[in-house]
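Copied over from TrEMBL:
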type	residues	note
DOMAIN	A:6-121	domain 'Semialdehyde dehydrogenase NAD-binding'
BINDING	A:T13, A:G14, A:A15, A:V16, A:R41, A:S42, A:S160, A:G161, A:Q316	NADP(+) binding site
BINDING	A:R101	phosphate binding site
ACT_SITE	A:C130	active site, acyl-thioester intermediate
BINDING	A:Q157, A:E210, A:R236	substrate binding site
ACT_SITE	A:H243	active site, proton acceptor
There are 2 protein chains.
Amino acid sequence: MVHPYRVAILGATGAVGTELLELLEQRDFPLVSLKLLASARSAGQTLSFKGDHLPVEAVDEKSFKNIDLVLASAGGSVSKTWAPTAIASGAVVIDNSSAFRMDPTVPLVVPEVNPQAAAAHRGLIANPNCTTILMAVAVYPLHQVQPIRRIVAATYQSASGAGARAMEEVKTQAQAILQGQTPVAELFPYPLAFNLFPHNSALNEQGYCEEEMKMINETRKIFEAPTLRVTATCVRVPVLRAHSEAINLEFDQPFDVAQARSILNNAPGVTLVEDWQANYFPMPIDASGKDDVLVGRIRQDLSHPTGLELWLCGDQIRKGAALNAVQIAELLAQQNLIQPSIALAN
Amino acid sequence: MVHPYRVAILGATGAVGTELLELLEQRDFPLVSLKLLASARSAGQTLSFKGDHLPVEAVDEKSFKNIDLVLASAGGSVSKTWAPTAIASGAVVIDNSSAFRMDPTVPLVVPEVNPQAAAAHRGLIANPNCTTILMAVAVYPLHQVQPIRRIVAATYQSASGAGARAMEEVKTQAQAILQGQTPVAELFPYPLAFNLFPHNSALNEQGYCEEEMKMINETRKIFEAPTLRVTATCVRVPVLRAHSEAINLEFDQPFDVAQARSILNNAPGVTLVEDWQANYFPMPIDASGKDDVLVGRIRQDLSHPTGLELWLCGDQIRKGAALNAVQIAELLAQQNLIQPSIALAN
């Protein structure tokens, strides 16, 4: 019952864009055509898809004609510019930017958590922040059994969260340091190799950065829990790929650790990684390229009778961005929520 | 009124040992002689001190004769072996290992926090865990104004916390990765370069590692607050030197952020590093080699009406180990709490 769709990727040459391409192929998404869109600067490149070399086209007013589904990952300003055009052309847009996430008319969807929210879309569905997605997948299964009252999170975010070039910058800085030279920071405000710093997104008057506010506000929206108490400290670390998070959860009643472990061992999108004998728990190098969020070190919080501590790592480009978007697309396809615009176009 | 002392460093060739040597010189500690002790493996090396080249001697039964003060930093088993001998010889031992820290008869001292505890020593004073010292210096000034009820900490601990060789291992791993080779882990259980993992100290049955239990138990002892609620997630990160910590504090009553900032701006051992316009806060590369703990991002916890969030970086070899030990020695000297054993020896 799944129609094949005419799909476009906006921002096809970026870190998330190339991952989207790979996932559409790997997961055999039902498509009849795939158009790769990017800025004029990237146009003319080709990217391979199922054995073909597809050209990257510069996005313009006509790009979305005869397109059913747009996977957008080219930043907030690009999405604000082109999403209305795509929707007006009859496409459904799944947008990875932060531009529309907190718009009350736009569903913000993690398929493992709130698939039901997708049905209300008006042509646009927002893909949440990467750090937020990883946390949501890991803690929502517990929240379903007993509502979480408060989350205290500290993050360890990899360089590639700022894009493929940021990852290269860290490598270049590391090489410089190893050769006794002074590292140069261009994309990041400070050297990141062998260093770390609080997340460099804009700070609000309360002293929280945008990344932290995304974790707070988006989690509330995804969980449909507007009073959920969340605080976070987001930190950029010299890891190439995959984010990690130390998460402290408070409930109203004690949450049995064995039960929590069992729930997470069976939760969608979660792999439990806990070898207590070997002191082996989730690590970024093991989470990189994986679909699942790796969760471990689940333990009773010694400072709070109704608290749990846990640790997670997840590939923020994959589950934190591209995979989650493709899963939303699959969800829409399965529920026939993408309205093919063929009739309109013909 | 300060006597010059006959001092020995046990573990002189290690990362903390060499830092102790440097600090005794820089701070012009009142000494008449300095003996460098290490394992037989390291004996025969020389280390420079105030223009002299001092030989490193293998520690034995006679090493502590005519020594007033021993600064020990050679691990728990070495301290357990030699501290009793040194004390029996009339020396006061300041021990950097974890061997005696929780012994109720042994003072555990951070000079900015509980200098008064030193006076009760019976020949032995323990230097706390590095991560614990950094946190204690940063949060005790707030605790004095309004008792802290609960601490939720997440740490970002550098490679050199595991010694100088561990720091070299991370560099070697980074070089391998940059050359497309597979990194080799020897001292650490897993590759740390461009990766991270939960602290690899032994886990207890509650799922907490030793490093986390040190933060919990030692903080309680130093603060003389046996019911203080503390939880921690300790993580090793690919930083060469200086530990970072994201710390969430809960009080009984709201703690005004401006007041907290003012208190910490005037607190001993603390440098406030907060440039909100430039998004510039404490970083390991800025804390390395510094005496003070750098504290910033002090903000009202959005998830808790009586909570505060803060972020710190500190040099765990310096303030987290060697400097704190030398400060304890200075405290003992100022208060005439080192009993020169000259009379005994002659």
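Placement of Cβ uses the backbone N, Cα and C atoms for every residue, glycine included.
Just so you know, TrEMBL annotations are computer predictions that nobody has curated.
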Report, in whole Å, the straight Cα-to-Cα distance of A:H243 (active site, proton acceptor) from A:S160 (NADP(+) binding site).
9
Greatest C-beta neighbour count within 10 angstroms, which of the binding-site residues A:T13, A:Q157, A:S160, A:Q316:
A:Q316
By the count of other Cβ atoms within 10 Å, pick out the sparsest of the binding-site residues A:R41, A:R101.
A:R41
Expressed to the nearest Å, what is the distance separating the residue listed as 'phosphate binding site' and the residue listed as 'active site, acyl-thioester intermediate' at their Cα atoms?
12
With a 10 Å radius around each C-beta, find which of these recorded positions (A:A15, A:C130) has the fewest other C-beta atoms nearby.
A:A15
What whole-number Å value do you get for the CA-CA distance of A:Q316 (NADP(+) binding site) and A:E210 (substrate binding site)?
17
What residues, ordered by sequence, lie under 8 A Cβ-to-Cβ from the residue listed as 'active site, proton acceptor' and sit at least six positions away in the same chain?
A:C130, A:T131, A:L134, A:T155, A:Y156, A:Q157, A:S158, A:G161, A:P284, A:C313, A:G314, A:Q316, A:G320
Only counting partners 6 or more residues apart, tell me which same-chain residues put their Cβ under 8 Å from the Cβ of A:E210 (substrate binding site).
A:S98, A:S201, A:A202, A:N204
Just give me the nearest neighbour of A:R236 (substrate binding site) among the binding-site residues A:T13, A:A15, A:R41, Cα to Cα.
A:A15
A:R236 (substrate binding site) has how many other Cβ neighbours within 10 Å of its own Cβ?
27
Within the domain 'Semialdehyde dehydrogenase NAD-binding' (A:6-121), count helix residues (DSSP H, G, I), strand residues (E, B) and coil residues, in that order.
31 helix, 33 strand, 52 coil
Near the substrate site, what residues other than A:Q157, A:E210, A:R236 in the same chain have a C-beta no further than 8 Å from the centroid of the listed C-beta atoms?
A:T131, A:T155, A:G161, A:A162, A:P198, A:H199, A:N200, A:S201, A:C209, A:E211, A:C234, A:V235
